[in-house]
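Pulled from TrEMBL:
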| type | residues | note |
| --- | --- | --- |
| DOMAIN | 29-92 | domain 'Mur ligase N-terminal catalytic' |
| DOMAIN | 115-311 | domain 'Mur ligase central' |
| BINDING | Gly117, Thr118, Asn119, Gly120, Lys121, Thr122, Ser123 | ATP binding site |
| DOMAIN | 333-463 | domain 'Mur ligase C-terminal' |
| BINDING | Arg384, Asp408, Asn409, Pro410, Arg411, Gly461, Glu465 | meso-2,6-diaminopimelate binding site |
| MOTIF | 408-411 | motif 'Meso-diaminopimelate recognition motif' |
Amino acid sequence: MEAGQGKSLATLVANIEKLEITGSSDVTIQSLILDSRKVTTGSLFIALRGTQTDGHQFIATAVKAGATAILCEELPDQISSDVTYVKAADSAQVMGLIASTFYGNSSEKLTLVGVTGTNGKTSVATFLFQLFRNLGYRCGLLSTVQNQVEDEVIPSTHTTPDAIALNHLLATMLEKGCSHVFMEVSSHAVAQHRISGLHFAGGIFTNITHDHLDFHKTFDNYIKAKKGFFDQLPKSAFALVNVDDRRGSVMVQNTNARVETYSLQTLATYKGKMISDTLAGMHMEINMREVWFRVIGRFNAYNLLAVYGAAVLLGEDPEVVLTELSILKSPPGRFEQFHSADHIVGIVDYAHTPDALENVLQTITELRNGNEKVITVVGCGGNRDAEKRPKMAAIACKFSNRVILTSDNPRFEDPNDILAQMQKGVPPLDYKKTSVIEDRKEAIFTAYSEAGPGDIILIAGKGHENYQDIKGVKHHFDDKEILIEAFGNYPKS
Ligand SMILES: CC(=O)N[C@H]1[C@@H](OP(=O)(O)OP(=O)(O)OC[C@H]2O[C@@H](n3ccc(=O)[nH]c3=O)[C@H](O)[C@@H]2O)O[C@H](CO)[C@@H](O)[C@@H]1O[C@H](C)C(=O)N[C@@H](C)C(=O)N[C@H](CCC(=O)O)C(=O)O
Ligand SMILES: Nc1ncnc2c1ncn2[C@@H]1O[C@H](COP(=O)(O)OP(=O)(O)OP(=O)(O)O)[C@@H](O)[C@H]1O
Ligand SMILES: N[C@H](CCC[C@H](N)C(=O)O)C(=O)O
Ligand SMILES: [Mg+2]
């Protein structure tokens with residue numbers, strides 16, 4: 001059965017239980033479509049209950065546009081006699097199963113490893129992708145920064161794509177000869193069943209801290225979403241968890257997978273120890289072997305341990321893995337360093353959660369030799385978890401000599417409202433060292449103008465992003481470009 005080619009509805013729903021089918025299953029489905037505006041003749045339109053609207057409202061539009069079949073949770077009042085209706089308790093979950101079959105169950109033919117956790121998913125998935133390519137495998141990557149099939153870059157719209165795009169990408173990867181695929185599994189993806197129907201060879205848990213409560217509402221729901229990934233792993237898979245995170249053991253409470261652990265603090269299958277950390281590199285001990293890495297920071301020590309563990313669990317030789325890991329570089333916008341002519345260090349980092357910001361600033365604090373100043377430029381995104389705003393400002397103040405609060409992606413919010421919420425987290429004693437410069441470019445330029453030789457400027461929150469999302473329009477904006485432009489202002493007038 002060829003992936004992505006027209007298939008009979010009967011085949012697509014063959015192994016799915018508890019469906020009520022109205023009309024004939026003996027029809028050919030040419031495409032799976034989530035958005036009524038994209039329906040064409042032969043489509044199966046999937047009606048999902050979303051966060052903004054209910055896809056069920058668009059069933060009639062989809063039928064008018066030529067849909068052959070509809071997957072829904074509730075039948076519309078008006079049934080069309082030449083359309084087949086498939087009624088399921090949960091359209092999103094069934095969509096995953098159907099998408100998997102439509103695209104040839106590619107995940108079963110690939111070695112697919114998923115990474116979940118609040119921070120470190122992109123880093124771990126990208127390191128695994130780079131490592132396995134260096135080991136000689138053809139690989140695919142699904143990440144926040146970009147999707148990749150070997151050297152070919154496919155822009156990503158989400159951390160984890162929807163089930164249709166996801167299964168389509170996996171089929172492309174298989175077609176192009178990939179044997180291994182490394183992907184991020186976001187909590188949204190688990191909650192919305194974007195990964196339902198996928199066959200994983202392994203799952204990795206990095207950590208869980210405050211984020212996305214706008215979507216999950218409670219921390220408990222957020223934990224449950226992440227745990228849902230491990231609950232659905234098969235017996236043949238491994239579940240590799242960071243046991244230094246106290247939720248690590250919760251994640252694997254009900255998993256059928258083989259549980260393995262990694263840690264910098266306690267006994268674990270993969271045990272690491274930091275020996276030293278400098279701007280030039282990190283020295284670690286991993287399972288009694290000493291290694292130097294190019295990437296730095298305690299958070300990366302965790303990421304490298306996870307990658308090492310996963311590679312060994314996938315059958316790779318530990319010595320070879322460590323040698324290959326030692327030369328890896330951080331993914332774009334993850335602790336990326338820039339050096340000015342007047343010896344100022346600029347670090348562009350995607351820290352957009354309180355925990356990530358604290359880790360990055362903690363790492364910078366540990367890297368300081370003496371009296372260098374740390375200047376932090378940071379903002380928070382609009383239409384996202386508002387609770388993290390004052391927390392991130394407080395963390396920036398705690399670890400920096402100077403803080404410039406600025407705009408991130410305001411989306412549909414007023415950036416000044418976001419900044420006012422951030423300011424609530426600034427302790428009164430830190431008012432003097434904190435200022436608000438809404439214009440992000442001006443904020444970065446100001447940071448450089450105030451810095452002296454040896455000082456470190458951290459620009460946090462946007463990392464690899466090359467846009468600023470203002471009222472739904474993405475304007476070109478790249479922290480790295482602006483930093484380099486600012487560094488070009490040397491000598492300072
Ligand atoms: C909150 C969230 O996850 N939203 C995702 C969700 O959209 P939604 O639930 O808001 O959809 P909706 O607008 O209510 O519409 C409901 C349904 O009606 C359909 N519709 C709508 C209008 C119409 O005319 N016709 C029609 O058929 C829509 O196609 C949809 O299927 O389903 C859409 C289709 O799959 C996603 O594109 C969309 O991602 C939005 C853009 C998004 O920003 N998501 C972020 C929050 C996200 O998913 N982030 C995670 C995690 C990031 C991290 O960990 O840091 C990620 O994996 O990227
Ligand atoms: N293991 C880790 N623990 C804590 N913080 C980390 C870890 N790895 C990276 N970070 C910090 O978090 C930021 C985001 O890292 P990364 O992009 O790898 O995470 P992510 O989980 O993919 O994020 P997203 O949810 O946006 O996809 C980094 O720029 C760094 O500041
Ligand atoms: N995947 C995260 C990225 C946040 C990045 C930050 N720059 C922001 O815009 O809030 C999200 O969509 O919540
Ligand atoms: Mg990511």
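If you go along the chain as it appears here, the first residue is 1 and each next one adds 1.
Glycine residues also receive a Cβ, built from the backbone N, Cα and C atoms like all the rest.
Other residues of the same chain near the meso-2,6-diaminopimelate site, with their Cβ within 8 Å of the Cβ centroid of Arg384, Asp408, Asn409, Pro410, Arg411, Gly461, Glu465, are His352, Gly379, Cys380, Gly381, Gly382, Ser407, Lys462, Gln468, Asp469. The Cα atom of Lys121 (ATP binding site) lies nearest to that of Glu465, taking the binding-site residues Asp408, Pro410, Glu465 as the candidates. Within 8 Å of the centroid defined by the CB atoms of Gly117, Thr118, Asn119, Gly120, Lys121, Thr122, Ser123, the record's ATP site, lie the Cβ atoms of Val115, Val124, Glu184, Thr206, Asn207, Asn303, excluding the listed residues themselves. Its Cβ placed at the centre, Thr118 (ATP binding site) has 22 other Cβ atoms within 10 Å. Checking the binding-site residues Ser123, Asp408, Pro410, Gly461 against ligand 3, the ones whose Cβ sits under 6 Å from it are Asp408, Gly461.
Put simply, Gly120 (ATP binding site) is 24 Å from Pro410 (meso-2,6-diaminopimelate binding site) when counted between their Cα atoms. Annotation for Arg384 (meso-2,6-diaminopimelate binding site): spatial neighbours His212, Asp214, Arg411, criterion Cβ-Cβ under 8 Å with sequence separation of six or more. Proximity of distant same-chain residues to the motif 'Meso-diaminopimelate recognition motif' (408-411), defined by a Cβ-Cβ separation under 8 Å and at least 6 residues beyond the stretch ends, is recorded for 352, 379-384, 418, 440, 461-462, 465, 467-472. Taking Gly120, Ser123, Arg384 as the candidate binding-site residues, the subset whose CB lies under 6 angstroms from any atom of ligand 2 consists of Gly120, Ser123. Note on proximity: among Asp408, Asn409, Gly461, Glu465, the binding-site residues of the record, the Cα nearest Gly120 (ATP binding site) is that of Gly461.
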